[in-house]
């Protein structure tokens, strides 16, 4: 049985912040969808291109997942140590016919806690940022490829301050291609800052900064009461995870005997036609791949849109599928 603190699990995983999180107060939510719109496809391609300048990559599928205002699990006694602290972060999986990349995004002030109580042994354990293929083999099973890039307070706290793709808060990993024969390959582009500590962007590189749509599987707007206020403009959101190694170095600690290539299958979700929402609403969410709004919909006329692992809820602006 897997629980945080025992990474890697026996199943395949992509973990931008693996920890016991709590949504019972109704404020934290998880949103996910596959988006094939040209705008989202282009934005994902540009993030990958920024991290891997030598690669020509044009995704055919992009899956976007947002964890918004997640609270830490406080243990059986409801510990108040992390009371009021919330984490918001994103994972984007971009795939073509020959390769796959994971993009992790961490906004300013997006990570406010770094450890949680474990629901298994009631001890505090640090979150983990990593990847695993899970068990493999037939008669004799063993751990497949797995890589851990952050698993202590210092490296996790640095996720929103550093980068391996040259843009603060953005971390890019190649997770499926011939190049990953010995494991996940992280990007290796230094984060340049000027004398004032601000991000420095290459003059000849124009990263797409338009507000792109992030929605749940039902393609409805994010509930109006949920977004946390106080986040900066979305194009300043990308501040990325700091692995346990220095950002200027390759991860020498990846175990070569246990890391093997794996390709992430991308599951198809129901498609909608997103429209970009008002910028003011985007600025409240603090995410890069922002939310979209469509025509008014209700649970009653969209009975089969939600996953079997989600429940449908109606809001004033439409319905959404909430993970359970």
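Cβ coordinates come from backbone N, Cα and C, glycine included.
As stated in Swiss-Prot, the feature region 'Disordered' covers range 219-259 out of the listed 178-218, 219-259. Rounded to the nearest whole angstrom, the C-alpha distance between residue 306 (disulfide bond) and residue 97 (N-linked glycosylation site) is 27.
In this model, the domain 'NIDO' (16-178) carries an average pLDDT of 89. Long-range C-beta contacts of residue 97 (N-linked glycosylation site), restricted to its own chain and to partners at least six residues apart, with a cutoff below 8 Å, comprise 60. Residue 97 (N-linked glycosylation site) falls outside any helix or strand according to DSSP and counts as coil.
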